[in-house]
Amino acid sequence: MAPKLQWPIVTELTTASASRGAATGSRGVAPAVPRGGAPADVAHPQTIKSFVRRAGRTTAAQARAFEDLGPRFVVPYAPIAPIAPIAPAAPAAGAWFGRDAPLVLEIGFGMGEATAHIARVRPQDDFLCCEVHRPGVGALLKRIAEHGLTNIRILEHDAVEVIDHMLPESCLAGVHIFFPDPWHKSRHHKRRLIQPPLVARLAARLQAGGYLHCATDWQPYAEQMLQVLGAEPLLRNTAPGFAPKPGYRPLTKFENRGLRLGHGVRDLVFERRH
């Protein structure tokens, strides 16, 4: 049995796994009140970074993709409420995509391989994808052009600020968080992305019946995810424990490399209660 864990508050969110060479870099926001499993006697620091900035080179092709496709597919960060989290309201997704369709948020897409695949196999859904690693954004823009995708929009901004100030409650049909940085060392576990404050924020923004899908190849992190998600009162597990891999999520180059190294991959799919 995994040891009982204590959860510090996280106010800055990673947007991709460090092992994928991702980067983030924006200021934190005021911490949320933890719920669903955070012990009352835990000290909650004002700001705990869940990432470090890593350099990355944008290729000429990625730069061209920014120039040609950025105006259409990269959404500017425009907070509705710059101080307090926004109240329930209609999201701006209809204006972003030009249609009314189920909206899925992705936090951290690396180089966009899985994102583009999922958008292809689920053309009925729209995908709002947060990533601040510019080479990754450029790579996804290239994939959008290559596959003629129209149901992806990118926000090159810190995900927590997007969640707090651009997404109203009950606006999301789903959330994808695939292979976030596991922060292997014990002293860095406080920096892990999947912790009660973030999960509570996301659960509040899911529609009834909406889902939160996480995946990781680090077993201790998978167990932590299972405990944190299971403690959120607005969510229920769709499986007895870890879930079978949903058919829409592909095996990426990153994941196949992990499997060759003997890293088992765990999926977790939780649903917003009605």
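Cβ from N, Cα, C; glycine included.
According to Swiss-Prot, the protein has these features:
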type: REGION; residues: 16-40; note: region 'Disordered'
type: BINDING; residues: GLU106, GLU131, ASP158, ASP181; note: S-adenosyl-L-methionine binding site
type: ACT_SITE; residues: ASP181; note: active site
type: BINDING; residues: LYS185, ASP217, THR252, LYS253, PHE254, GLU255; note: substrate binding site
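Within the same chain, the residues at least 6 positions away from GLU255 (substrate binding site) whose Cβ sits under 8 Å from its Cβ are PHE179, ASP217, VAL265, listed in sequence order. Farthest C-alpha pair in the substrate-binding residues LYS185, ASP217, THR252, LYS253, PHE254, GLU255: 25 Å apart.
Counting other CB atoms no more than 10 Å from each candidate's CB, the binding-site residues GLU131, ASP181 peak at GLU131. Put simply, ASP181 (S-adenosyl-L-methionine binding site) is 17 Å from LYS253 (substrate binding site) when counted between their Cα atoms. Of all Cβ atoms in the shown protein chains, 21 besides its own fall within 10 Å of the Cβ of ASP217 (substrate binding site).
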